[in-house]
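Student: Copying in the features that Swiss-Prot gives for the protein in this structure:
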- F10, S11, G12, G13, Q14, D15, S16, T17, T18, C19, L20: ATP binding site (BINDING)
- C198, C213, C216, C219: Zn(2+) binding site (BINDING)
Amino acid sequence: MRAGHALVLFSGGQDSTTCLAWALTQFAHVETIGFDYGQRHHVELQARQTVLAAIRSRFAQWRERLGADHMIDLSVLGRISDTALTRDSAIQLSAAGLPNTFVPGRNLLFFNLAAAVGYRRGLHTLVGGMCETDFSGYPDCRDDSLKALQVAVSLGLGQRFTFETPLMWLDKAATWELARSLGGQALVELIVRDSHTCYHGVRGVLHAWGHGCGTCPACVLRQTGYDRWQARPVAAP
């Protein structure tokens, strides 16, 4: 068990749910923070509450460690962004070579605001589900970006903050395996049934890997990782 308390950037998706479970195994007290930034679908905001309630009810070993949840109104980001996550537009590559699901400044703002909350509540470890292995090239998911931001936040607030990114060098198959190692099949089932990833907000169809349209980049990445994880040989006991 590590010293100190942690604040998890928690969206209700697969990655942030896995990171929340990771934090609950590492720290004696963990709080969560989410952001309403004007995303097209509020399904993920509903999934946040479902996942948090499920963790409290199904995982006795984590129940007492899971503290307050903080929801931040960041709707201004949606108003100034013109992306497929904040507008009703088709997903495609932009002229810069990035998918138009990239919301400029999103993770930078998330960490800055999380640090402001953490400063007030004595939560100096911030945990995020960013990843360089299976990702869409978002510059604010890169390890270098987050390390630079960690330094800037620590200097700007006059306190030492640590940004933890447990998934940074894992592919999606390894993320599924990490979830299993943290919470067993119960956590895998929670992620499948209760977390949300689909860019189109589809919840009516439950696949082996979870709810979703099955065709958007987020669903394809999640399904591919799940299939690869399932195809891996089981280690001998």
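Backbone N, Cα and C define each Cβ position, glycine as well.
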Student: To the nearest whole angstrom, what is the C-alpha distance linking C219 (Zn(2+) binding site) and T18 (ATP binding site)?
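Tutor: Here the two Cα atoms lie 17 Å apart.
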Student: Tell me which of the binding-site residues G12, Q14, L20 ends up closest to C216 (Zn(2+) binding site) in space, Cα to Cα.
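Tutor: Its closest listed neighbour, by Cα, is Q14.
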Student: According to DSSP, folded down to helix, strand and coil, what is C216 (Zn(2+) binding site)?
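Tutor: The three-state answer is coil.
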Student: I'm trying to understand the geometry here, so how far is the Cα atom of C213 (Zn(2+) binding site) from the Cα atom of L20 (ATP binding site), in Å to the nearest whole number?
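Tutor: Here the two Cα atoms lie 25 Å apart.
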Student: Measuring Cα to Cα, how many Å separate T18 (ATP binding site) from C198 (Zn(2+) binding site)?
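Tutor: Checking the Cα atoms of T18 (ATP binding site) and C198 (Zn(2+) binding site) gives a distance of 17 Å.
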Student: Whole-number answer please: how many Å between the C-alpha atoms of G12 (ATP binding site) and C198 (Zn(2+) binding site)?
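Tutor: That separation, Cα to Cα, works out to 11 Å.
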Student: Quick one: which residues besides F10, S11, G12, G13, Q14, D15, S16, T17, T18, C19, L20 have a Cβ within 8 Å of the ATP site's Cβ centroid, in sequence order?
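Tutor: Output for this site, in sequence order: V8, V51, G129, S195.
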Student: Using an 8 Å cut-off from the Cβ centroid of C198, C213, C216, C219, can you name the remaining same-chain residues around the Zn(2+) site, in sequence order?
Tutor: T197, Y199, H200, V202, G212, G214, T215, P217, A218, V220
Student: Which residues of the same chain, at least 6 positions away in sequence, have a Cβ lying under 8 Å from the Cβ of S16 (ATP binding site)?
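Tutor: Spatial neighbours, sequence-distant, of S16 (ATP binding site): V8, L9, F10, G128, G129.
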Student: Give me the non-local Cβ neighbours of L20 (ATP binding site): same chain, 6+ apart in sequence, Cβ-Cβ under 8 Å, ordered along the sequence.
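Tutor: Correct list: V8, F10, V30, T32, V51, I55, V127.
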Student: Reported as an integer number of Å, what is the Cα distance between C198 (Zn(2+) binding site) and Q14 (ATP binding site)?
Tutor: 10
